[in-house]
Amino acid sequence: MRYLTAGESHGPQLTAIIEGLPSGLTLTEENINADLARRQKGYGRGRRMQIEKDRVQITGGVRHGYTLGSPVALIVENKDWTHWTNIMGIEPLEEEQSEIKRKVTRPRPGHADLIGGIKYGHRDLRNVLERSSARETTVRVAAGAVAKTLLKELGIEVASHVLEIGGVRANTPNYSTLKELKERTEQSPVRCFDETAEKAMMEAIDQAKENGDSIGGIVEVIVEGMPPGVGSYVHYDRKLDAKIAAAIMSINAFKGVEFGLGFEMARIPGSRVHDEIVWSEEEGYSRKTNRLGGFEGGMTTGMPIIVRGVMKPIPTLYKPLQSVDIDTKEPFTASIERSDSCAVPAASVVAEAAVAWELAAALVDQFNGDRLGTLVQAVKEQKEYGRLF
Ligand code: EPS
């Protein structure tokens, strides 16, 4: 199963085409829209989010509410496009209006602007920034919502929350069910379980905004219900934790990934890192702890998957950093028109989508993924085989 996306940040629309989704899955626009709305929320977003009201249209692969097994096409219109039709028009420019509007010659440090310009030979850096913009994560969330719909049918639940923003670290969330974690974090403007940390995070965002600066943070994704043995140890490119790490790293502004105890493992002896194995009639094999975050040898253990990603502060700053104009080669420090001071809460929804996609794709590829019914059966059998093994 795979997907591709197309579309520029201020172009007419964003598009995703999903290939390989099983037939027989109930899929509605409402389902996907709920996740699109979650991505748009979050304390610290800029004015663009007041313009956009992201709604998906399914334009292929679904009939009478069910997937057909053919490619599923999703589109989301950019409401801001109406303000950008001259600047981002698809048609060639007329002779008399050959001057390009809103041309960008001043690359922002930390963005793809300069290097993307060098790579594709664009002297107008808008040609780079329009596609490298995190606006694209809209349709990644749409594809992730489709993946989550499939996972739900297989008894697999995905959740996400924010652990840290701008140096404010939340206490480890003390929840008994994923439902409880979800209910609390959906109410939080920063998607944080810890109410004390939530307030401090919002203050840190206010402060960053006042200073014309931006702040990053850490998000965590948790998945329950995966069968054991998904992925493989036999080849580097079949290790499922590696695919998830790549998916997290591919989210705009993400700079690091860890599973379970993560980088803390560098400081702890092996006897306090590895998860001891136990067996019982009802549960089969299980672990007393889950410090490895649900993976051994690139394969799911059947324990919850726990993965975290770190997002750097957004590089579009009101407080300008020094750069060089690519036309004049003169140094400059320029201010910008609008930006988000923090997008970590939104990024946690994107990370959730990225992980959900990799898991759904791995299941479809490993088991018989043509029809929903056979996939449901195969996953059930894998869980049972693992229990009795
Ligand atoms: C982004 C810059 C801002 C963000 C945008 C990502 O957009 P604009 O340049 O239009 O002000 O709001 O994020 C979204 C539009 C979105 O949907 O998340 C960037 O440069 O990456």
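Yeah, the Cβs are placed from backbone N, Cα and C, and that goes for glycine too.
Look at TrEMBL and you will find Arg39, Arg45 tagged as NADP(+) binding site. Sequence-distant neighbours of Arg45 (NADP(+) binding site) (same chain, 6+ residues apart, CB-CB distance under 8 A): Asp340, Cys342, Ala343, Ala346.
Of all Cβ atoms in the shown protein chains, 15 besides its own fall within 10 Å of the Cβ of Lys312 (FMN binding site). Per TrEMBL, FMN binding site is recorded for Arg131, Ser132, Ser133, Asn252, Ala253, Gly297, Lys312, Pro313, Ile314, Pro315, Thr316, Arg338.
Checking the binding-site residues Arg39, Arg131, Ser133, Ile314 against ligand 1, the ones with a C-beta less than 6 Å from an atom of that molecule are Ser133. Across the structure, Ala253 (FMN binding site) and Arg39 (NADP(+) binding site) place their CA atoms 16 angstrom apart.
Cα of Lys312 (FMN binding site) to Cα of Arg39 (NADP(+) binding site): a span of 18 Å. Reduced to three states, the DSSP call for Arg39 (NADP(+) binding site) is helix.
Here the binding-site residues are Arg39, Arg131, and the one whose Cβ sees the fewest other Cβ atoms within 10 Å is Arg131.
Less than 8 angstroms from the CB of Ser133 (FMN binding site) sit Glu8, Ser9, Asn252, each of them six or more residues away in the same chain.
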